[in-house]
Amino acid sequence: MFDVEYLDIPPLAKAGGTVRLPGSKSISNRVLLLAALSHGKTTVHDVLVSDDTAVMLAALKQLGCSVQKKGDTVSIEGLGGQLLTKKASLFMGNAGTAMRPLTAALALLGGEFELSGIPRMHERPIGDLVDALRQLGCGIDYLGNEGFPPLRLYPGTLKLDAPIRVRGDVSSQFLTALLMALPLVAVHDIRIEVIGELISRPYIEITLKLLKRFGIDVQREGWERFTIPAGSQYRSPGEIHVEGDASSASYFIALGAIAAPTKGQKGIKILGVGADSIQGDIRFVEAARMMGAHIDSTANSLRISRGKPGEGWPLKAIDLDCNHIPDAAMTLAVMALYAEGTTVLRNIASWRVKETDRIAAMACELRKFGATVEEGADYIRITPPASPSAWATGAIHTYDDHRVAMCFSLAAFNPAQLPVRILDPKCVAKTFPDYFEALFAVTEAENDHIPVICIDGPTASGKGTLAALAAHRLGYHYLDSGALYRLSAFAAAQAGISLDDGDGVAGIARTLPVRFKGEKVFLDGKDVSDAIRTEAAGMAASKVSAHPQVRTALLELQHGFRCLPGLVADGRDMGTVVFPGAQLKIYLTASAEHRAERRYKQLISKGNSATLASIQQDLEARDARDMSRKAAPLKPADDAKLLDNSYLSIENSVDQVIEWWQGSRPF
Ligand SMILES: O=C(O)C1=C[C@@H](OP(=O)(O)O)[C@@H](O)[C@H](O)C1
Ligand SMILES: C=C(OP(=O)(O)O)C(=O)O
């Protein structure tokens with residue numbers, strides 16, 4: 001997950017490859033709760049691992065359920081409809097699929113419970129569900145605003161003979177909650193009547209299908225009346241698999257529809273959902289086809305490619321009732337930026353009461369790209385920028401809404417080739433923590449568009465720490481090029497090659513199996529961070545780096561680190577030789593005294609003996625050697641910014657780098 005303040009996505013050009021989707025949120029949370037309510041043990045495979053399922057699992061544990069989790073497999077020992085814990089304070093985050101069904105189940109099972117969430121959860125309606133549960137005799141108080149969480153539940157006297165009426169026009173989750181909870185108390189037939197036009201109907205289909213898997217056969221008449229048969233009993237299916245998330249699929253379906261294919265790839269292949277999906281959002285496929293996407297499907301996979309010019313590309317605008325795909329429809333709003341004509345998405349009033357007011361949010365953010373947007377109480381009308389030059393870009397505010405973050409990443413394919421900034425990208429953790437990693441794995445940018453920040457400077461200037469921290473702040477990759485020389489020397493020595501043998505060392509350097517993780521370095525999977533950071537290894541590195549053959553061999557290896565979304569590279573010739581076209585070059589210095597002092601402290605803290613004077617002497621000798629060598633001598637690039645950190649803390653140095661970087665960005 002990108003745990004950064006903002007993520008800058010460079011202009012993207014192509015897409016291709018295979019995406020394996022995380023598990024469906026709607027199925028995961030339903031199955032976890034049903035497993036907890038059933039008799040017996042249920043093993044759930046391919047469960048979604050995200051914020052929304054984490055709050056559900058935490059609540060189930062608090063309620064006394066035994067939960068074993070190993071990766072995306074969860075085993076739950078069901079409570080068999082009996083709560084072991086009758087008093088708890090449960091935090092539901094912003095998960096509607098946890099808040100609403102747990103409220104109903106706990107209200108009916110009886111006990112003293114408080115259910116709360118993040119501030120936005122306390123603005124998301126729950127009054128219709130509370131009204132229905134109060135008809136049943138459940139004890140429920142509002143702890144904040146009337147009609148909204150947080151709630152206090154307490155035991156009441158259940159009245160189950162009259163039909164239960166529930167409104168269906170604000171959220172289908174209220175009906176889902178009742179359908180999942182009422183089997184717990186179905187001593188005789190229980191009737192539910194839906195008042196008002198039921199929205200988001202396919203989610204009720206998911207509920208009914210999963211209830212069936214757990215032994216409950218709900219009878220229904222259209223969308224108005226549902227009956228839970230007397231004597232219904234939850235039975236664990238033993239093992240159950242969760243499909244990939246069809247709403248999450250929408251971003252990659254859209255990607256295949258708008259991106260030119262990468263060489264050798266036939267568009268995007270999605271594994272985990274397909275024609276057999278029980279999720280309503282699979283019908284996003286139909287909408288994407290209407291807009292021009294080519295989509296083939298199997299039972300549980302999809303393949304998407306962009307239409308030929310004039311036959312599906314640019315996309316065609318659509319006018320669509322999206323009530324059946326409320327979540328995935330947000331993706332259509334961004335696809336509309338690439339369509340000819342005006343797209344209208346209708347019957348989406350529920351957008352206003354989700355993670356944020358999604359109609360207002362989408363309108364505001366789409367306008368940042370130059371689109372003309374009209375919003376109504378229950379629709380949004382989008383006309384894209386008139387020409388490539390009319391496109392603009394901006395920092396996309398994400399309102400703690402995972403879908404806003406995910407769908408606007410697709411704006412990086414804009415024809416003006418502008419980068420897109422996603423603020424607070426970690427909000428995707430609600431349903432797809434590794435969304436951006438998955439996106440970058442199947443997208444390509446033109447090489448020059450992938451940003452590189454170079455930090456060059458003499459030994460002990462602190463450039464490694466600075467570069468690693470700057471990379472961390474920006475979510476960029478990090479290349480410690482000095483380590484490559486150290487690694488080459490280290491690997492050559494291990495292979496018995498003399499450091500004076502330039503060709504021999506170059507042969508090793510060309511295929512170094514190296515990986516950086518923070519400030520740690522791995523060679524062939526082994527952590528060699530300490531082994532290559534000794535003074536001796538530094539001297540050896542300086543020696544091998546003087547061989548031009550070694551520098552050439554490492555050049556290609558270093559270029560390979562320029563990957564999406566960007567790179568921070570530190571070394572001695574990053575800005576002058578390796579990445580001469582880098583977007584930002586910094587030459588970091590500090591006085592020899594300061595550098596010697598830092599190195600001295602480092603050595604002493606590691607238990608080594610050293611004298612300040614000898615360190616300073618070595619350091620000056622190394623500077624002289626690095627600056628006077630023929631191949632890529634150490635010097636600032638002509639366009640480098642000079643940063644003397646003799647009197648700066650590391651935090652201040654990072655802030656300075658980020659400030660310069662920000663200054664070069666169009667946001
Ligand atoms: O039942 C479900 O799993 C869901 C129902 C939908 O909500 P509404 O019924 O409130 O539209 C949907 O937006 C939400 O992401 C998940
Ligand atoms: C509306 C959504 O979430 P929730 O399950 O919290 O309602 C969503 O995921 O788009």
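Glycine is treated like the rest: Cβ placed from N, Cα and C.
Annotated features in TrEMBL:
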DOMAIN    16-439  domain 'Enolpyruvate transferase'
BINDING   Lys25, Ser26, Arg30, Ser171, Ser172, Gln173, Ser200, Asp327, Lys354  3-phosphoshikimate binding site
BINDING   Lys25, Gly96, Arg124, Gln173, Arg358, Arg403, Lys430  phosphoenolpyruvate binding site
ACT_SITE  Asp327  active site, proton acceptor
DOMAIN    453-659  domain 'Cytidylate kinase'
BINDING   Gly457, Pro458, Thr459, Ala460, Ser461, Gly462, Lys463, Gly464, Thr465  ATP binding site
Binding-site residues listed as Arg30, Lys354, Arg358, Lys463, least Cβ neighbours within 10 Å: Lys354
Whole-number Å value for how far the residue listed as 'active site, proton acceptor' lies from Ser172 (3-phosphoshikimate binding site) (Cα to Cα): 13
Close-lying recorded positions around ligand 1 among Lys25, Asp327, Ser461, where CB distance stays under 6 Å: Asp327
Distant-in-sequence Cβ neighbours of the residue listed as 'active site, proton acceptor', under 8 Å, six or more positions away: Ser247, Ser250, Asp281, Arg403
Largest inter-residue Cα distance among Lys25, Gly96, Arg124, Gln173, Arg358, Arg403, Lys430 [record-listed phosphoenolpyruvate binders, Å]: 19
Alpha-carbon spacing, Gly457 (ATP binding site) to Lys25 (3-phosphoshikimate binding site), which is rounded to whole Å: 48
Least surrounded among the binding-site residues, given as Ser172, Thr459, Ser461, Thr465, when other CB atoms within 10 Å are counted: Thr465
Lys463 (ATP binding site) to Lys430 (phosphoenolpyruvate binding site) - Cα separation in whole Å: 36
Close-lying binding-site residues around ligand 2 among Arg30, Gly96, Ser172, Ser200, Ser461, Thr465, where CB distance stays under 6 Å: Gly96
Among Arg124, Arg403 [binding-site residues], residue with fewest other Cβ within 10 Å: Arg124
Least surrounded among the binding-site residues, given as Gln173, Ser200, when other CB atoms within 10 Å are counted: Ser200
CB-centroid shell, 8 A cutoff, ATP site Gly457, Pro458, Thr459, Ala460, Ser461, Gly462, Lys463, Gly464, Thr465, site residues removed: Leu466, Asp570, Leu588, Ala590, Arg595
